[in-house]
There are 2 protein chains.
Amino acid sequence: MEKKIRIGICGYGNLGHGVELAVNRAEDMELVGVFSRRDLPGTASGVPAINLKHVLEYKDKIDVMILCGGSATDLIDQGPELAHHFVTVDSFDTHPRIPEHFANMEAVTKANNTAAIISVGWDPGLFSLLRVLGDSVLPEGKSYTFWGKGVSQGHSDAIRRIPGVKNGKQYTIPKEEYLEAVRSGKGTDAPGNEMHLRECFVVPEEGADLKAIETAIKTMPNYFVGYETTVHFISEEEFAKKHSGIPHGGFVFRNGKTDDTTGHVMEFSLKLDSNPQFTSSVLTAFARAMYRLHFEQGKCGAFTVLDIPFAMLSPKSPADLRKSML
Amino acid sequence: MEKKIRIGICGYGNLGHGVELAVNRAEDMELVGVFSRRDLPGTASGVPAINLKHVLEYKDKIDVMILCGGSATDLIDQGPELAHHFVTVDSFDTHPRIPEHFANMEAVTKANNTAAIISVGWDPGLFSLLRVLGDSVLPEGKSYTFWGKGVSQGHSDAIRRIPGVKNGKQYTIPKEEYLEAVRSGKGTDAPGNEMHLRECFVVPEEGADLKAIETAIKTMPNYFVGYETTVHFISEEEFAKKHSGIPHGGFVFRNGKTDDTTGHVMEFSLKLDSNPQFTSSVLTAFARAMYRLHFEQGKCGAFTVLDIPFAMLSPKSPADLRKSML
């Protein structure tokens, strides 16, 4: 049996729990421990829970550290700190700050002979890969990304901050007519806000002013203004029964032509019962690639999903992949 | 302006014509010429048509040679011959012989400090990439590939060889009920032949025995036996009007779960007005990657699509891709 890839998890929210599941199910990996700033009472699978202040004691015991910090703000500080000592994988998703985070990680990893991959997940991540593939294969064309149907955490949080709201969840939903226009190759010039609906399920506090809550949601700048938004008030029981999951998904399309009359449609879509569990599975596959990149090929520096050949994601050998999957 | 990538095309059937279109539309590429065993009267775009016997005179004038031989048999001989002298890209698609072709190309390219990528296109090719991605991200699951709706050249040729058949075309069509079963995450255990229909359009010779033709088609071993097959007899005019294109496409699915109750569906699909033109566009993007791999990174040897990071397919810079597409 070959040596297993020794994985550490840093952060124990939804994402950390998902990575714990994925790593424990991967035959070529071994989960060394879960690190947290908090003193965790334990972990779901029984692997050690370790306070983050002891992380340097694990420098030679962990090959790849998967950063599952709760927010992008965590990652922008924690990423460079941990990349001083570890090969890291993160899911940094604050789009305008990606070049800055990449530059930080590039500097730290080059100076310390480590390696890091940033912005891994499904968007950014798998969707980015498909956007680049579409743009490269069909240079004369147009790309479209749709999100949903799925829960937007940011919008759900925004709803829950409104006075009189006890609980709330927002689903982003692609409008069927735009999906069809793009899937048929006809395309659309509609902006993103027109191509999506926002559907909100709200549990009001007793005696709350429902009309005022609805208005507060629909007129919230940056979040809901410009979107077709529907608001449903429901009971706490119904909320618990129907809206406790974190499903998500979406679509990446490329419509392009190869001569004046010959068109093509490429479509990639995801339907996910659990957004964090799927994201965790993507992080885990790219952790395998980073192990190979750094420890087998000797590479240092910062990377993104666009730099990783797919053969490196698989536990199978290149010859086996050529024989069975090509 | 940076130096353009100098491309040669070897073979001038549908695929060669498609590559000619794609390379002429790529701003970072220059098409040097089209090579053929025949003395071509000229090319569609006016680039030089050159007899293959002069190919060695172009050794220092071409960076990447795209092999567009008409059949897999062409490629298995021509590939190693040309890879002695050139960096090559081919679309070898005889699945059971891929390991053999890879080994041949690996030996020649290593011995001669060249590089080759084999089996580029959409299947093998993009579909292979998506199969590996699905298998790597959702290791507990099942993959499905559907082909069509589209023209199967091999089956159309087989029909045209039947006595009494003047012209014929066969469409492979995925059955909607199986697509839906897989797309919903329910999955299926049906074998590939049950998941597809074969629809045939036949122009009979005058006075031909239609019943005999239909029976000959439906009972043809390896091609039609085991498939639900329909045969339509049509006039030459209708054939020319409705069945002169070479559309194709298909679907790759991965259904998988990340814990006992949490499932996910990944779907990739193509709808192509012209199978050879799209395949040509894929070959052209991977020719760009091979230029970089060999001439910028100094790599030699045989490769497949599974070895190529997507950033290398794009004419855009890595920093630009991170900023605009990640």
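Every residue gets a Cβ built from N, Cα and C, even glycine.
Note: TrEMBL annotation is automatic and uncurated.
The model shown is predicted, which means the values in this text are computed figures rather than measured ones.
Counting every protein chain shown, the number of other Cβ atoms lying within 10 Å of the Cβ of B:LEU15 (NADP(+) binding site) is 23. Annotated NADP(+) binding site per TrEMBL: B:12-15, B:36-38, B:68-71, B:91-93, B:120-124, in sequence order.
Per TrEMBL, domain 'Meso-diaminopimelate D-dehydrogenase C-terminal' is recorded for B:121-274.
Using a 10 Å Cβ-Cβ cutoff, B:HIS248 (substrate binding site) registers 25 neighbours. Look at TrEMBL and you will find B:TRP147, B:THR172, B:ARG198, B:HIS248, B:ASN275 tagged as substrate binding site.
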Cβ packing number for B:TYR12 (NADP(+) binding site), 10 Å threshold: 21
Which of B:PHE92, B:TRP147, all binding-site residues, has a Cβ with the fewest other Cβ atoms inside 10 Å: B:TRP147
Between B:PHE92 (NADP(+) binding site) and B:HIS248 (substrate binding site), the C-alpha gap once rounded to whole angstrom: 18
Pairwise CA distance, B:GLY121 (NADP(+) binding site) versus B:ASN275 (substrate binding site), rounded so that it is a whole Å: 10
Candidate nearest B:ASN275 (substrate binding site) in space, where candidates are the binding-site residues B:TYR12, B:LEU15, B:ARG38, B:PRO124 and distance is Cα-Cα: B:LEU15
Candidates from B:TYR12, B:GLY121, B:PRO124, B:TRP147, B:ASN275 close to chain A, where binding-site residues are judged by Cβ under 8 Å: B:PRO124
